[in-house]
Each structure stands twice: as C-alpha cells, then as structure tokens.
Amino acid sequence: MAKEKYERTKPHVNIGTIGHVDHGKTTLTAAISKVLHEEFPDVNPEYDFNQIDSAPEEAARGITINIAHIEYQTEKRHYAHVDCPGHADFVKNMITGAAQMDGAILVVAATDGPMAQTREHVLLARQVGVPKILVALNKCDMVDDEELIELVEEEVRDLLDENGFDRDCPVIHTSAYGALHDDAPDHEKWVQSVKDLMAAVDDYIPTPVHDLDKPFLMPIEDVFTISGRGTVVTGRVERGQLAVNTPVEIVGIRPTQTTTVTSIETFHKTMDACEAGDNTGLLLRGLGREDVERGQVVAKPGSVTPHTKFEGEVYVLTKDEGGRHSPFFSNYRPQFYFRTTDVTGVIELPEGVEMVQPGDHATFTVELIQPIAMEEGLTFAVREGGHTVGSGRVTKILA
C-alpha cells in the first residue's frame, strides 16, 4: 500500500499534555482523538489506545524517553500531540527538546487541584520556552460543588501567573472519562467540552514561525578543498534559507569571519538556494581549508554570536541509562557537545548545592574553553569519554 502523501494544506502545530501523573493526561489525549474522529472521520484515524505508539524514543543524545505520539486534525489545523506518561520521561523530553511544543494543555484534576508535579511541569515549560499554556480542568464530573471547581481554577490561574504565563488563558471544565465512554453520565456535555477545548487550542496557541523564516544557520560537519574552486563546508541546514552570492559569517571556536557563498550544492547538484532540512555543501569565497573547522556555524551576519559562559539546565543520566555511577561537584570538567562538536567546559554549581547525583535535574554555570555560536534554548549533551552523561539546554548566556 502506497504511503499517503503529506498534504501541507493546514498549518501544522505541535502540542502536548502536561500535568500531574494521575490527573488524566492520557485519558484526555484519548478523548480528544475520539471526539475529533467522530467529528471529522475523513482526516482522523480511530486509535486503539491500548496500542498507542508509546515506543521508547532515542533522543539524539542517546537517552531513552517514552513518548506517545498521535496526530489529529481540527477544521483549522493539523496537530502532532505528545503525551509523556511518566514524570521522568516528561522532564527528559522537555530538557532535551526531543518533542518540542508550540503550546501545551495543562491537565489539572478538579478533585485535587495543582500538585507538586503540576508546579514542576509549569516551571519547566517556562524554562524551555513553551509559548502558551491553556488548561483542561479534568474530572469535573466528580465534583458536585461548582464553587470548589472555581477555587481550583483560581489556584491554577495563580500558578500560571507566578511562572510568567497568561493567567487569563482559556480554562475548560471537562471530564475526559465522560467524553471517552459513550455510556457515561452527561456524555454529550463532556464531548462538547472536548470540542470547546480544541476550539480554544485552535484560537489560543499561535501558529509557529516556520524554520524557513528564521535567520539562516548551518552547523559545519565537514570541510574540504575542491582544487581550483576553493573551500567547501558541508552540513544540514538547521533553519532559514540562503541564496547563492549571499554574505555569511563563520561563527564559533575562532574569531568570527565574513565571507560570501559562491555556490550551493546538494548531492552533487547545484542549487540556487538551500533551506532548512537540506544537506548542503557551500563554497566559500577567499577562505582556505585551514580557516574553517567542524563545530563552527555558517550564519546570516549578525544573527548569532559566540559565547563561552552560560547557565544551563541539565538532566543527569542514571547509571541504568548509561550515565555516571557517582555524583559530580563544582569544577567537574566534562565535554559539552553542541551541534557537531565537543568543547571542554568547567561546571560551577549554584551556592548551597554541594553535588549533583545521577538522575537529578539541575541548573549550573558552565565556562567553555572555546567560544561556541550560542543562543538561549540551544541544546547540548554532556559527555565523558565519549559517553553521554547528561543532556541540557542553555537557559541564560552570561559571557
């Protein structure tokens, strides 16, 4: 059977369910899928949630994360939806960016209100730059007192506000269980609540800026010389687009240099332009083989700058995940793998933190021995002797 062609007719948006472990994230994911299947059967497959694809995912950094992926469409948009069933999986996914979210549905049980993990998830969403959160107040069928539901709603709005999210976001009162089971009391009412939730997601979560519209950036993977023509750098374009005869900067490791791209090739075919996702060779005017190296980036002039000192948020692998067997302390000197290269860095733990244990989710300062083209949100792996021992992202550039 031929694979269906991916129709790019509707805007594509990545969302996810976040929140405390027993508050009904996975049930809500199932309910959304079922309600949309019934409303738009042509574009939404019927999922068997016992078989939902929750295969472990190897993040690029060599960490196993259990993520369930489903896709569905509303009238306006095509969604990819991630649900991380386990709390540790959620933390790892957020920090590694294995499944990035353009917005999130925070699921809070009206029976419990916000719990410790609810708070941790909201904080993490803020730290990793999830732009918008809206709320599904779940299990409303189990609370008779409307005032109690309103108190919980107020508490959730306060929590969002404290973490820099919009306290006036949509909050939908729902029962995922009631919408999922045809024989549940008030079934139609709860089905409507899921439709209301998705209408709110359509309107409230912004369509992401496509990678093509961002400034051009290509990490250099390899450098070689073509006799009589000059130096070619190869790599996969991370974002943006680039036309022939455009000036670019080479950033990182050494002082920044400016040059012009005189030819663009992919798999030995010349192109007028390349864009995000292309595997490309760029011919650079006036630079020798020894002037550029793996680990630098080719970028639109002025769009990215080299830095050596940053604050990072890191998930430290456990022994079972192939990580360290023992804690580390300030002045630990592992390698930090950014895009295509390792750079040694010195870790300084925050005041009052004596050590970091395998399995911890930690924030600390790093000073690299060489500058790297860096911006907030950039992900990296922490490696020791070629093995990944942690995975993180830059939360703040310091120098």
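Glycine too: its Cβ is placed from the backbone N, Cα and C atoms.
Across the residues of the domain 'tr-type G' (10-209), the predicted structure has a mean pLDDT of 90. Swiss-Prot lists 10-209 with the feature domain 'tr-type G'.
Positions annotated as GTP binding site by Swiss-Prot, on the basis of sequence analysis: 19-26, 83-87, 138-141. DSSP gives H87 (GTP binding site) a helix state.
What Swiss-Prot lists as region 'G1' is 19-26, and the listing cites similarity to another entry.
Annotated Mg(2+) binding site per Swiss-Prot: T26, in sequence order, evidence recorded as sequence analysis. Cβ-based neighbour count (10 Å, all protein chains) for T26 (Mg(2+) binding site) stands at 18.
Under the heading region 'G2', Swiss-Prot lists 62-66, citing similarity to another entry as support.
Within the chain, the region 'G1' (19-26) has long-range Cβ neighbours (under 8 A, six or more residues past its boundaries) at 49, 68, 83, 85-87, 106-109, 112, 114-118, 121, 138-139, 176-177. Using a 10 Å Cα-Cα cut-off from T26 (Mg(2+) binding site), the binding-site residues that qualify among C84, H87, C140 are C84.
Here the binding-site residues are K25, H87; the one with the fewest Cβ atoms within 10 Å of its Cβ is H87.
DSSP assigns C140 (GTP binding site) to a helical segment in the three-state reduction.
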